[in-house]
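Take a look at the structure set out below.
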There are 4 protein chains.
Amino acid sequence: MKKIAVFTSGGDAPGMNACVRAVVRTGIYHGLEVYGIMYGYDGMINGEIKKLQTHSVSNIVQRGGTILKSARSDDFRTREGRQKAYEQLQKHGIEGLVAIGGDGTFTGADLFAKEFGMKVIGCPGTIDNDIYGTDYTIGFDTALNTALEAIDKVRDTAAAHDRIFFIEVMGRDSGYIAVECGIGGGAELVMVPETKTTISDVVKSLKGLRKTKTSSIVIVAEGDEEGGAAEVMSKVKNEVNDDRMDFKVTTLGHIQRGGNPTAKDRILGSRCGLAAVEGLMEGKTNCMAGIIHDEVAYTDFQDCINKDKPLNKDYLRLVDILSI
Amino acid sequence: MKKIAVFTSGGDAPGMNACVRAVVRTGIYHGLEVYGIMYGYDGMINGEIKKLQTHSVSNIVQRGGTILKSARSDDFRTREGRQKAYEQLQKHGIEGLVAIGGDGTFTGADLFAKEFGMKVIGCPGTIDNDIYGTDYTIGFDTALNTALEAIDKVRDTAAAHDRIFFIEVMGRDSGYIAVECGIGGGAELVMVPETKTTISDVVKSLKGLRKTKTSSIVIVAEGDEEGGAAEVMSKVKNEVNDDRMDFKVTTLGHIQRGGNPTAKDRILGSRCGLAAVEGLMEGKTNCMAGIIHDEVAYTDFQDCINKDKPLNKDYLRLVDILSI
Amino acid sequence: MKKIAVFTSGGDAPGMNACVRAVVRTGIYHGLEVYGIMYGYDGMINGEIKKLQTHSVSNIVQRGGTILKSARSDDFRTREGRQKAYEQLQKHGIEGLVAIGGDGTFTGADLFAKEFGMKVIGCPGTIDNDIYGTDYTIGFDTALNTALEAIDKVRDTAAAHDRIFFIEVMGRDSGYIAVECGIGGGAELVMVPETKTTISDVVKSLKGLRKTKTSSIVIVAEGDEEGGAAEVMSKVKNEVNDDRMDFKVTTLGHIQRGGNPTAKDRILGSRCGLAAVEGLMEGKTNCMAGIIHDEVAYTDFQDCINKDKPLNKDYLRLVDILSI
Amino acid sequence: MKKIAVFTSGGDAPGMNACVRAVVRTGIYHGLEVYGIMYGYDGMINGEIKKLQTHSVSNIVQRGGTILKSARSDDFRTREGRQKAYEQLQKHGIEGLVAIGGDGTFTGADLFAKEFGMKVIGCPGTIDNDIYGTDYTIGFDTALNTALEAIDKVRDTAAAHDRIFFIEVMGRDSGYIAVECGIGGGAELVMVPETKTTISDVVKSLKGLRKTKTSSIVIVAEGDEEGGAAEVMSKVKNEVNDDRMDFKVTTLGHIQRGGNPTAKDRILGSRCGLAAVEGLMEGKTNCMAGIIHDEVAYTDFQDCINKDKPLNKDYLRLVDILSI
């Protein structure tokens, strides 16, 4: 293998740049030529491919976003699109790919690799932490700390006004951010997609807490089965029907995706990037380079995509006990 | 004057605690007894009044929120409520008040002072910076920096995906946060209540910018005449009608009220608190202690409430020139 | 077991408060009475012991330092001191202890437990991450991120002036902070106690890097065998003897101990605190409650104290490869 | 005037990039060509001059350091060096300069302008805030907040261990950072070059404070007449001679120069940059564009250099009163 390329795809996540940097420098360190593909699969199809040098990735380890930009590609879902992408890669003599992204990215990569015999290794880049085959995903720790700092700020206001705040954090299918924020932020309740909490449960808890606490924080993962924070608050308010209880809602939104990565995300991105390149050099393909129990682990794309990564149930128990 | 009391009222703002601390310590320094009233006017009516010591305000200068808590009071709007409040103060022998809050707080304080001959001086505590008689209000600089850091994070994502982001910041009647965020955050457009920007203006600007820029940030003050960020985005999207332009919206919300105060807000809160106490001791009343051109200035409550504080027009010009 | 007590000892670490909170609330949740001992072993000897309630630990999960304060105790090293301490605990009927601290704390606890039959479980509270029996110690992640943010700032200045900066981080016997900072901060070199790097190695590397880089960052753990950052810089400067190379040094110092804990440290502190209490209830003693591979693990005090926790060698390799 | 150039010189300061951006875009907005000179006067002499476009300054408003780099130049102190610099500028047809820096930068600029008839306007870029002709200098607010956040962290540790901490902040000739940090950080004492505080004064104060406070913070400006924080602590320790008082020292150092600029510094940098360009276009020269009382003000270089900017004495009084 002499030439490899790297790209980022799907939602951006802090630490992607650290990962890109590691891919580029590890490749060059081992004597490879490394190319960067802009805008994920779209750029691959359109040939937005450029050679990267050591200094191309200077001073980016600490930046959020991705210098390679990202996009979701409809064209790559067609056989024709993938054919074009393959031709573009051939034009540059690229034999191996490092795909930084999440489930959707890996699904495309797996298909592409099988159709055209391209070698591909993935790196888990998504803030949601919902990928099997790695303890943490690149971006999760930063998103978690961003959300937590926001919760700390909201708590100042909640306490000053004796309010009950419903705070929505990211997590369409996964309660990782919600539950870790809940423990870290001292939340009174956490609502996640993985477990059923009814509106009556919430109302009962809040009424109980009111005897000892003047303000409360409820964290709602955006994908909770009762709805987002605004919907949950509205239902709770109706059922409580007590003017003395002052409910407010806030949705943290896109700030959770950006920002300078934490130490953990920079290191995780760096380790996965290095492992992806060395994996390609050893002939590995159709798998993701993740970190399990502080060691590099390669997991088949099919497992990453299909296997569940359950929430640590200890965490939900912690929220219950610590909010008394 | 031997006994004074301090309270916070209306929306909480970072730096209120620094102000409370300054009132307490300045009072004690000058030989006064200082009382804290909890929950603003409501607590005054209900007699939630306690004597404060030097150490009561230790280790709070760096905290957001307000240790005296805050509330909006319907009862204080009635003559009967104010009568009760006065009796409570008399019970403790309190002769002077420091009222930390905004326009609504001062309106109540002015009326109360006139009705009962109570001495009252205000301190400008609100994140909106819309009070006449002070260059800045306590909490504004912190809210501004919180909003700006959030915008920095959103820009990472906007740039990674070539998106146009509409970001809503606080400011019901005032564009201060929006316009200063806009300059500091390198925004392409700013929409504020003080000036008229039509949807067509926005569309025209965004189309023009697209020739040279791949992503853009539009800051919308919540009180803009075209609506909040979500409404503005929806109107713009309709008028643009171009699928290649990827619009997103985010509302920063309550995080702008909380958090550890910046240096400026701690110092401003401290200066105003000291000035309020020394003003009361000199016999001043029915006025606000603010800082104009780095000097303490006392302004009549009537002027604070009724006079406009116009946006510095240089700032809007800066946004226009610097976003080319 | 009906009554337990908790204390913090040795250097303070962010997340200790989260741990104290977890001990108190888990104890009360399970029907125990929980006492707080002020100032570690000194307070135990002097009887500075007070009963804690659920609300005693409200609003502390996000605070650095320790509400129970900490101290190093000479008296507890004497049999007489420990005898007094035991009598104080007996006076309150305390049957179990949770000791939050590091090696020194556990050494004292182990001896005390064996001498007097007291049940004791430890929680790993130290920023140095050098305790066997847990993947991370409480406070490490915060110290690491604090150091990293400082390095980001110094890099701005290093880059602006084409300087070579020697930055000293904490770590008397351990290079954990140094090496993780090094990867995360994009450092060119890292000097740690665990591996030998001679001054000649450093000079050779810096001269090599100069061909491609205009500025460089060298992270020095305070306990490196060549000395702290100031000493290393002075030796390097002498050996280089080239006026065109602009060397600067900065020592991060005590800021690394304080600050609001990160999400990881709040969660780790909470998990260890809960596990310590439940361990005591199950009859465990003379061991530490840590987290290994995301699961609670109890490790004998003797192992915590005597076994080494080696640095992950992958990390040193990462620094070498990624700084090309 | 058709072509202007901009450079940064002396110590770097956060907000310099915002200022560079404003110069470039304001110039282009008004139809000028704008050049960037690298490494200050050194780069001017060596001809490191390149044309800048609108996009050359994209995405830098939020970055610390300076994209134009900075250096101190010995050659520019010679007539010969300045002659070469002038020739380089002539080669590009540059008729006006914007010099971003402090006193030293302006001294050079003033001389150069007078010798060669070059038009030069300065912008006040230094963290020290010691330049006459502007309320604040670019970088001061960021340095102040960085120092303050560090003090908040140290206070956690000081409080946990009942320690007396001496913290050294920047300020060789000026106590601005020290005194504003002191108020904002709730320091017990502040030592600045502008006022005489003897070691005996410090000892007396600390002994007095010990009756009511268990920990104390003393802020020492690096240029205090009693020495830096380490020297002051050592003298105090000797005079106190009491083992029960636990003294520690920390020097914040270079972290105060870097980091993302605050809102205030971004806005100040932007305003000064715009004013400098428009000043040049109006024919102004040999002056600095600053902001006084929220309005643009141009001050002769000779006044900037020679006139004193005294510390606001209210501030020192605030520290005294609020630390009781």
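Every residue gets a Cβ built from N, Cα and C, even glycine.
Unlike curated records, TrEMBL annotations are generated automatically.
Listed in sequence order, C:G102, C:T137, C:F140, C:M170, C:G171, C:R172, C:D173, C:S174, C:Y176, C:I177 are the same-chain residues at least 6 apart in sequence whose CB falls under 8 Å from the CB of C:D128 (active site, proton acceptor). The active site, proton acceptor annotation in TrEMBL covers C:D128.
For C:G11, C:R72, C:S73, C:G102, C:D103, C:G104, C:T105, the entry in TrEMBL reads ATP binding site. Under the DSSP three-state reduction, C:G102 (ATP binding site) is assigned to coil, being neither helix nor strand.
DSSP gives C:E188 (ADP binding site) a coil state; it is part of no helix or strand. Neighbours of C:E188 (ADP binding site), defined as other CB atoms within 10 A of its CB across all chains, total 24. Per TrEMBL, ADP binding site is recorded for C:R21, C:A22, C:V23, C:V24, C:R25, C:R155, C:G186, C:A187, C:E188, C:K211, C:K213, C:T214, C:S215.
Here the Cβ of C:D103 (ATP binding site) has 20 other Cβ atoms within 10 Å, regardless of which shown protein chain they belong to. Annotation source TrEMBL lists Mg(2+) binding site at C:D103.
Annotation for C:R257 (substrate binding site): spatial neighbours C:G11, C:D12, C:A13, C:P14, C:G64, C:I127, C:G139, C:A143, C:M170, criterion Cβ-Cβ under 8 Å with sequence separation of six or more. What TrEMBL lists as substrate binding site is C:T126, C:I127, C:D128, C:R163, C:M170, C:G171, C:R172, C:E222, C:K248, C:H254, C:I255, C:Q256, C:R257.
Restricting the average to the domain 'Phosphofructokinase' (C:3-279) gives a pLDDT of 96. Annotated domain 'Phosphofructokinase' per TrEMBL: C:3-279, in sequence order.
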C:S215 (ADP binding site) versus binding-site residues C:D103, C:G104, C:T105, C:T126 - nearest by Cα: C:T126
Cβ neighbours within the same chain of C:G186 (ADP binding site) - under 8 Å, at least six residues apart: C:R155, C:I217, C:L322, C:S323
Diameter of the ADP binding set by C-alpha atoms, the set being C:R21, C:A22, C:V23, C:V24, C:R25, C:R155, C:G186, C:A187, C:E188, C:K211, C:K213, C:T214, C:S215, in angstrom: 58
Near chain A - the binding-site residues C:R21, C:V23, C:R25, C:R257, filtered by Cβ distance under 8 Å: C:R21, C:R25
Recorded positions among C:R72, C:S73, C:D103, C:D128, C:K213, C:R257 whose Cβ lies under 8 Å from any chain D Cβ: C:R257
Most Cβ neighbours inside 10 Å, all chains, among the binding-site residues C:S73, C:T105: C:T105
Candidate nearest C:D103 (ATP binding site) in space, where candidates are the binding-site residues C:V23, C:R25, C:K248 and distance is Cα-Cα: C:V23
Between C:R72 (ATP binding site) and C:V23 (ADP binding site): CA-CA distance (Å): 22
List of residues, in chain order, with Cβ under 8 A from that of C:G104 (ATP binding site) and at least 6 apart: C:S9, C:G10, C:R72
C-beta crowding around C:K213 (ADP binding site), within 10 angstroms: 19
Nearest of the binding-site residues (C:T105, C:T126, C:I255) to C:E188 (ADP binding site) - Cα to Cα: C:I255
